[in-house]
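Copied over from Swiss-Prot:
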- Ala7, 13-19, 45-46, 64-65, 99-106: NADP(+) binding site (BINDING)
- Asp27, Arg58, Thr117: substrate binding site (BINDING)
- 1-162: domain 'DHFR' (DOMAIN)
Amino acid sequence: MFISMWAQDKNGLIGKDGLLPWRLPNDMRFFREHTMDKILVMGRKTYEGMGKLSLPYRHIIVLTTQKDFKVEKNAEVLHSIDELLAYAKDIPEDIYVSGGSRIFQALLPETKIIWRTLIDAEFEGDTFIGEIDFTSFELVEEHEGIVNQENQYPHRFQKWQKMSKVV
């Protein structure tokens, strides 16, 4: 099962130069709690944006068309969505999708759960989530994040679950 996780500002911004354009420890903690010891898929630009931080305690799948792309020990490279879907059929674990926007969009039909952090602020950046069709999803959970000295932006966490098809 694919689970997508992203944070976005008021305008749907999700990134700047491969990184998050804001500092929000609550969201980073939320992401870490959900993805620790899990399989994480991301695009090359997202992976490169992390630099050597390559998220320890996770197995990372990097999607790229570059045939000779090098990754850290806890990562592997796949070259297409079709290759990823074939890979996913052979494993029982959930796969967490962490960006970028084209990968979120491409995997939306296969996504069963979306965890979205909405940040009530506007930032500068270069990557937007784009239009996400939530009509086949249901908002099943939502809670406000704590605003304090470390977490200066109002934010809320949402869990969207794909609705079962009615026959």
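Heads up, the Cβ atoms here are built off N, Cα and C, so glycines get one too.
Where Swiss-Prot records a feature, it is marked here on the structure.
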residue: Ala7; record: NADP(+) binding site; DSSP (3 states): strand
residue: Gly15; record: NADP(+) binding site; DSSP (3 states): strand
residue: Asp27; record: substrate binding site; DSSP (3 states): helix
residue: Thr46; record: NADP(+) binding site; DSSP (3 states): helix
residue: Arg58; record: substrate binding site; DSSP (3 states): coil
residue: Gly99; record: NADP(+) binding site; DSSP (3 states): coil
residue: Gln105; record: NADP(+) binding site; DSSP (3 states): helix
residue: Thr117; record: substrate binding site; DSSP (3 states): strand
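In terms of C-alpha distance, the listed binding-site residues Asp27, Arg58, Thr117 place Thr117 closest to Gln105 (NADP(+) binding site).
Taking the binding-site residues Arg58, Arg102 in turn and counting surrounding C-beta atoms within 10 angstroms, the largest count is reached at Arg58. For the substrate site listed in the record, the two most distant Cα atoms among Asp27, Arg58, Thr117 lie 21 Å apart.
A gap of 18 Å separates the Cα atoms of Arg102 (NADP(+) binding site) and Thr117 (substrate binding site).
It is Gln105, among the binding-site residues Thr46, Gln105, Thr117, whose Cβ has the fewest other Cβ atoms within 10 Å in the structure shown. Summary for the binding-site residues Gly18, Gly99: the Cβ-based neighbour count within 10 Å is maximal at Gly99. When Cβ atoms from all protein chains are considered, those within 10 Å of Gly15 (NADP(+) binding site) total 23, not counting its own. Taking Cβ-Cβ distances under 8 Å and a sequence separation of 6 or more, the neighbours of Ala7 (NADP(+) binding site) in its chain are Ile14, Leu20, Trp22, Leu24, Asp27, Phe31, Arg116, Thr117, Leu118, Ile119, His155.
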